[in-house]
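Listed in TrEMBL:
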DOMAIN    28-113  domain 'Ig-like'
DOMAIN    116-202  domain 'Ig-like'
DOMAIN    211-294  domain 'Ig-like'
DOMAIN    304-392  domain 'Ig-like'
DOMAIN    400-494  domain 'Fibronectin type-III'
DOMAIN    496-592  domain 'Fibronectin type-III'
DOMAIN    601-711  domain 'Fibronectin type-III'
DOMAIN    721-813  domain 'Fibronectin type-III'
DOMAIN    818-913  domain 'Fibronectin type-III'
TRANSMEM  924-946  transmembrane segment
Amino acid sequence: MACNGRHASLLAASAGGESTWLDLGCRPGPTDTTLLPSQEAILHCDLEDTEVSGNVTWWKDGEPLTTENFSVLLDGSLIISQREGVSIEGSYFCTIRNSFGVLQGRTGTVRLAGLPPFHLHPEPQVVSENALARFECGINGSPIPQITWQKDQVPVPSSNRIIILPSGVLQIIGVQQEDEGSYRCVAANSLSIRYSNEAQLSVKNDWKPLPDELTIVRAPQNLTVAVGESAVMECIAEGNVTPVISWYRQDGKPISFDIILLGETSLLIQQVQAHHAGVYVCRAKKPQSQHFITISAHLHVLVPPVITQPPETITRARAGTARFVCRAEGDPEPTITWLKNGEVLPSNGKVRIQPRGSLVITQVALEDAGYYQCVAENILGSICATAKLHVTVQEGLPGPPQALKSQAVTSKTVTIAWERPESNWERVVGYSLHYAKTGGSNNEEYQFAVNNNTTEFTVRYLEPGTSYTFYIVAYSQQGASRASESFVVQTLDDVPGAAPMLALSSDSPEDLHVKWLPLLPEMRNGQITKYRIEYCAQRDGVVSVLEVGGNETQVTLSSLQPNTFYKVRIGAATTAGYGIPSNWVVYRTLDRINLTQVDQTPIQMQVIAHTDSLLVSWQLPHPDFQVTGYKLYYRMGCPIFSHNISCPRKEQSDWDVGPIKLKKKRKQYDLVHLTPGQLYQVKLVAYNKKQEVQTVMWEGRTRQIPVSPPDLIDQKIPPLPPSHIQVTPNSSSSMLVRWRKPIISSKIVKYTVRCGPSAAKNASMFTYHNSVYEEILITGLKPYTRYEFAVQSSGAGVDGPYSNIVEKMTLPDRPSSAPADLVLQPLSQFSVQVHWRPPVESHGIIVQYLLMYTANKSHPDEMWTVLTKEGSTFSAEVDGLQSGTKYYFKMGAKTVSGWGPYSSVVEVETLPPRPPDVLDMNSVTGIIVGVCLCLLCLLLCMCASFQQGKQR
């Protein structure tokens, strides 16, 4: 069968047709089709930007499709025919490969027509005369079946009291005796017909007057439908007088003219569109009165995705930044996926997919060239758009840095060293060092600019026990080198930053089960090698220690004393040692006398300490935890391991206050009128009707009231400012500020770094950054800008003066704007004068300008003519052009960090050819007269001369 791919953009399917066409290219259109018996499908792969045809690969359910059971036309279209023993239902997509890369089409679904049994059958009803009868059925099918109704196996008679809704609902208003009978639903499509179960309608002759109040007997339902489908909103009300039904939109907009009113009560939207979405209100009003009732329902319209801003083909120099913008709309909001040469592109390292869907690729390399496709998808389908990335490389660039070495200095610091490139090393003006976390996904890549007078750099503020991938790029005035070989460095382990959370339980008097959750990755600071569990009876205070492997998450403590309070805590260790242990958790083992099975999942209790109160709150482990109430106790206590003889130990039953009985609904209690800075013990007992279910204890101090020394109550001495302020540029947007603590000073609680542009006169231009350490990394600065820094020491409630100002300039970066005020002026038939000004945001010293021009605006960047000019020039004369021709110009600027964006395209037309010189009749006449006069004068002179000679 012949297939013309250009006519495959429509899906034309009919019951009597032999084939259905489906275009799975990137253009909008359907992606699903249903085949009737003996019908075949022709899937077309019409992808734009493909210069080579025929090299098409088809895929079914993610696997390459073999041609044994399928046929492919010369233009690459796939013919799917129904054959016995061959499964054709599934998902299909195509890929096209050419010399530039690979493109992938949309995914389409092929199904076989069917009509499964009813999933909802009508139910028998007994109604009073003049009341409402309503039958409903439900069935799925492909193609979508049409619904009709039969009474006693013949079509229901036509009547203004009988309404059949497209949703499969039969309404009989004002039921009469003749309406009695057996009703069934009939569903039919082009493949088959099905009948539902029969439901009997019985009419009672016991009519009773309806109440005066209006009642909604069938309310509209919230609906979610796709664009193009139908929607029905029912609304039926009753009263002693037939109510008047009306509809309006809650937002005040008029109801669309294409919405039909069915049977004076229900709304029908035959082909839903996006503007139909909203809240519809049904209003039932009692005639001849002001009494009415309303009820509303929301119509949610699903809209397939549409790409409103497709990506554009771009050209970038190596080590530049490529940005593809893609915007899509739809409901639900489409998710955007990027493909590179037909493969899903993850957001990781130098490839970043921004929240709104734009794709940013930094440090572009030759292998990044290819096709990039933006695919927007929601539950209604997908759509795609394609762009190309061209990568250019100039000659004479330095080679990549060599012999990279690394050394992990601390758990957060790594030193990287390298050797200069082997080729064109003398042209190197600087380096950029790049790194990102190894493994995982969505890891951001960071970079630092390094001067060319060093081949070593120390990277700080890394995460302990973490692998990072590094590479380095060398820069010359002409551009960037290839990236060096990447290598992986792992920082040293540090002690864990936290302890695991404990959960204790017990099912015997002598055992205690200890469980914990592994630490979060950001708190491990390396690989957890072991855990240490410390426990002891609360009375004797003898601590036992148990160590288990780093892969364990539970342990059982055995040979314990029954009915005894035990304290347990846990600590985690890496190769660097143990971190801080957890807080002590108190638990009482079971009593030998009462071994009733009790859920021992621990109650979670939290205590927030204030100066004169303790706020106690608790949470049951799960809703089925059987509790009748709670008892709360508290007392002044001594530390558990106190060796102070003057501090008497209190018996377990000796409490200052308690029991405070609380109902089971209470989940917090405030203990007030306490002593500041005092150690307290709090006990919470949960009980039921039979016994005490569980006991939880807490021990800690109320907060201390800050008190100044007697001689300093009215006078606070401010601390001296820090000394040895050092500011080091860390990147184009960050500075590392270090200082030393004042030699003579009171206690320092924090440092404040003031940062702002040099010579700034507006206080709003300064920012302030706090640190408890003697260094801080200030970020968010502008590239190649001079900033001033000053550091202040702060004591308890008093701030000292700022230190002397230290000025430093951030490192340069690529220009963020193009050269400004690009002006073109034709000089002659063959030349144009170009003027420009430096970029507004140059972010460094401009070392070179790139001037590009062409006579064909549609040409890709690599086909434009390129001129380079020194960074100190602001005009150029472009010659060698054709006369009377329109040319298009654009410019870019470059710093040592790389090229910035291009300017907008500006057009100019060279001067036209000059016409040949043509003499008019007046000029000719004047010339003739002049010549004659000259000859006459000459003749007169000769005659006069002859007469004089004759006289002599």
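Every residue gets a Cβ built from N, Cα and C, even glycine.
Ranked by Cβ pairs under 8 Å to the domain 'Fibronectin type-III' (721-813), the stretches 116-202, 211-294, 304-392, 400-494, 496-592 are led by 400-494.
Ranked by Cβ pairs under 8 Å to the domain 'Ig-like' (211-294), the stretches 28-113, 116-202, 400-494, 496-592, 818-913 are led by 116-202.
Residues of the domain 'Fibronectin type-III' (400-494) grouped by DSSP class, helix first, strand second and coil last, total 3 helix, 46 strand, 46 coil. As a summary of secondary structure, the domain 'Fibronectin type-III' (496-592) carries 4 helix, 43 strand, 50 coil according to DSSP.
Using a Cβ-Cβ cut-off under 8 Å and counting only residues 6 or more beyond its ends in the same chain, the transmembrane segment (924-946) has no close neighbours at all. Under DSSP, residues within the domain 'Ig-like' (211-294) fall into helix, strand and coil as 3 helix, 39 strand, 42 coil. Taken together, the residues in the domain 'Fibronectin type-III' (721-813) have a mean pLDDT of 84 on the 0 to 100 scale.
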